[in-house]
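For reference, Swiss-Prot has these:
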| type | residues | note |
| --- | --- | --- |
| BINDING | 102, 123, 124, 131, 196, 235, 250, 304, 314, 315, 316 | substrate binding site |
| MOD_RES | 233 | 2,3-didehydroalanine (Cys) |
């Protein structure tokens, strides 16, 4: 009996499938002639305007023609420039991991105070900006507590002044403006859709016996990084850096990756990442800015990643601390570079003196 029922249901399913297939073909045949040609549309418009005693509509884009191009030219135009960037930024002064609000603010400030530095800005997503495209709970407006609004003035981003804070009409206005300023700097290269999979850590004699420093990042295209485990031999690439600024955000699938990796390497004081505390806007923003620092030699932490390592409160949907923490991180990065150069010079002088003795 069960077999007969299965056969019957199979026949019904086959009939329904045949009907749906036939219906799809019928719809496709009917749909094709329903789009009139542009010439027919233009003639109809001209006739209607003439009856109304109006001149024909013209636009600057009538009979628009593009310059000729070959597909191979497009290929070479993209490929040549991308690999030129990969070659030039294989050794960078600063690598910023994460192009959210803190990472972008850091890149912006580096361009202002040290435009000669070569800065590689890494972002695992196709679209940089992190969570700064919207305010809280997917709302449009962005709240920035004073005096962080001074950066908005510098960028000429309009806002509504509410006394102790300002409101940007749409968060995307600030983020897109900040991004455009960053990318105009010829010494900044954004590598989006590029994941940082690991850190380069090396011994540094200038730091004394057993001293280690972060010396760069291990990178891969994001889609390749997500496919690990499905294929073998998908080795990464590398970028050496004088200093790495980690702006990876709070914990999550792609969050706090820099400080979590340091913990696994035994380089975080206390040996673990406690995670951020409960939300307290009043306390959180000041804590984030004032604790922005070089956590280990060669690596500066900025933004909400600091809350993960310090156990400080989460901040919620206010963005002033992200902006100012990123800007402070830029100054910390420049100071770290200068300190490293001074230590290296002192170590070289000491080695030369010993050799002469």
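The backbone N, Cα and C atoms fix where each Cβ goes, and this holds for glycine too.
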*Compute all pairwise C-alpha distances among 102, 123, 124, 131, 196, 235, 250, 304, 314, 315, 316, the residues listed as binding substrate, and give the largest one in whole angstrom.*
37
*asked:* For residue 124 (substrate binding site), which of the three DSSP-derived states applies: helix, strand, or coil?
replied: coil
*Would you mind pulling the DSSP three-state label for residue 196 (substrate binding site)?*
strand
*Please report how many Å separate the Cα atom of residue 196 (substrate binding site) from that of residue 233 (2,3-didehydroalanine (Cys)), as a whole number.*
17
*In this structure, which of the recorded positions 102, 196, 233 has the fewest other Cβ atoms within 10 Å of its Cβ?*
233
*Distance from residue 233 (2,3-didehydroalanine (Cys)) back to residue 314 (substrate binding site), taken between C-alpha atoms, in Å*: 39
_Tell me the Cα distance separating the residue listed as '2,3-didehydroalanine (Cys)' from residue 250 (substrate binding site), rounded to the nearest angstrom._
31
*Within 10 angstroms of the C-beta of residue 124 (substrate binding site), what count of other C-beta atoms is obtained when all protein chains are considered?*
25
*Can you tell me the three-state DSSP label for residue 314 (substrate binding site)?*
coil
